[in-house]
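Positions annotated as phosphoenolpyruvate binding site by Swiss-Prot, on the basis of sequence analysis: LYS22, ASN23. What Swiss-Prot lists as UDP-N-acetyl-alpha-D-glucosamine binding site is ARG92, ARG121, PRO122, VAL123, ASP124, LEU125, ASP305, ILE327. What Swiss-Prot lists as 2-(S-cysteinyl)pyruvic acid O-phosphothioketal is CYS116, and the listing cites sequence analysis. Taken from Swiss-Prot, the feature active site, proton donor covers CYS116.
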Amino acid sequence: MDRIRIRGGRPLEGVIDISGAKNSALKVMVAGLLTDERLELENVPALADVATMAQLLAQHGIAVEETGAKQLSVGGAITNTEAPYDIVRKMRASILVLGPLLARTGEARVSLPGGCAIGTRPVDLHLKGLEAMGAEIALDGGYINARAPKGLHGATITFPFVSVGATEQLLLTATLAEGETVLVNAAREPEIGDLADCLNKMGADISGIGSDRLTIRGVKALHGARHTILPDRIEAGTYACAAAITGGGVLLRGARMFDLGALASTLGEAGVDVTEVAEGVTVSRRNGLHGTDAMTEPFPGFVTDMQAQFMTLMAVAEGASMITETIFENRFMHVPELNRMGARINVHGSSAIVRGVPGLSGAPVMATDLRASFSLVLAGLAAKGETIVNRVYHLDRGYEAVERKLAACGADIERLRD
């Protein structure tokens, strides 16, 4: 099992190219189920989760082929409507094949999903929304069995709380449902806008993109299209924290300030200079960090996928800060590992109190999930001495070429292969 070794204390200086967004690429790949024609995708990151999605789509008869650097061609006729446990368990986004399979074939059998071990993250809203559109659903032996013997129809669906996954599920499905579907209190994340843009290129009729009210008018069929995946705002935010925690300065080439949402202003409050420029976003920190509170919220609020990284930054800030997690439970699993490196963090329910320390010390640590894994890398970059991050397969699910990108900016980092 691979590990990453870091010798900390070096400011990051240089340019980091931001990859395509994992959380968009996976969903846009699923859109390939909605047509027999080919979907040509550009700026696709080379990640373990992308490979897993390609494996899942192949299970359904959809071929995913590399056509060039960061380019994929997705397409084919559906030959199988079952998504098996051994693939679905690896990645939560796998659940999104349910609606498209149902819309195209009238039936689907999909295992309940896996992914990071972050709380329960139920799929109730997915299933209730599909039922409102005419689906018949039963749970049996860890599988979702869905049928639509009379086809799917439009519906007005109001989410009781914002759900990115449920919004994506019903957005994909409604493109081929008869009539009009309205999603009220829909998630507004940039990746959802990117998915909607791709679907419209394929012939869908979606309006309200970027708002919390999406209107989808079903069409008879979708066709192939070419689409470029938007830059990964989580990767950009993560490297912004890397520049800040090392006291360096980097250009995040391709990053978009708007997509960072509340993270940009929160970093500013903490003493980090975040500036939009023609090529992307620059991030620098020449003076001290200040303890700053953060509460995770749906976009454009502070994104939950940056909570662990920002907490690491606050671990070396002057003063105290409180980080509150409102999206997922059980998302503080990185705290004991950070404390092993000298951080002073106490968890109280859904909040963590972070009391800044002058510095961290290198130590062997264990990654527990995707974003937590990079929080430990950040700690290693700032720490005195050597840090070994174990279980970096979590990291490979969502970050492309981590060692290369960091080393190019001056980090002393290498991958150890067992």
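Even glycines carry a Cβ here, placed using N, Cα and C.
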Run through the Cβ atoms and count how many others sit within 10 Å of the one on ASN23 (phosphoenolpyruvate binding site).
23
Counting Cβ atoms within 10 Å across all protein chains shown, which of the binding-site residues VAL123, LEU125, ILE327 comes out on top?
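Output for this query is ILE327.
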Taking only same-chain residues 6+ apart in sequence, whose CB is under 8 Å from that of ASP305 (UDP-N-acetyl-alpha-D-glucosamine binding site), what do you get?
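ILE234, ARG371 - these are the non-local Cβ neighbours of ASP305 (UDP-N-acetyl-alpha-D-glucosamine binding site), listed in sequence order.
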Counting Cβ atoms within 10 Å of each candidate's own Cβ, which of the binding-site residues LYS22, ARG92 comes out highest?
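Counting every other Cβ within 10 Å of each candidate, the maximum falls on LYS22.
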Run through the Cβ atoms and count how many others sit within 10 Å of the one on ASP124 (UDP-N-acetyl-alpha-D-glucosamine binding site).
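So the Cβ neighbour count for ASP124 (UDP-N-acetyl-alpha-D-glucosamine binding site) comes to 10.
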Near PRO122 (UDP-N-acetyl-alpha-D-glucosamine binding site), how many other Cβ atoms are within 10 Å of its Cβ?
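Taking every protein chain into account, the count is 11.
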Whole-number answer please: how many Å between the C-alpha atoms of LEU125 (UDP-N-acetyl-alpha-D-glucosamine binding site) and LYS22 (phosphoenolpyruvate binding site)?
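If we compare the Cα positions of LEU125 (UDP-N-acetyl-alpha-D-glucosamine binding site) and LYS22 (phosphoenolpyruvate binding site), the gap is 23 Å.
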At the Cα level, what's the spacing in Å between ARG92 (UDP-N-acetyl-alpha-D-glucosamine binding site) and ASN23 (phosphoenolpyruvate binding site), rounded?
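Spelling it out, the Cα of ARG92 (UDP-N-acetyl-alpha-D-glucosamine binding site) and the Cα of ASN23 (phosphoenolpyruvate binding site) are 11 Å apart.
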Round to a whole number and give the Cα-to-Cα distance in Å for the pair VAL123 (UDP-N-acetyl-alpha-D-glucosamine binding site) and ASN23 (phosphoenolpyruvate binding site).
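Rounded to a whole number, the Cα-Cα distance is 17 Å.
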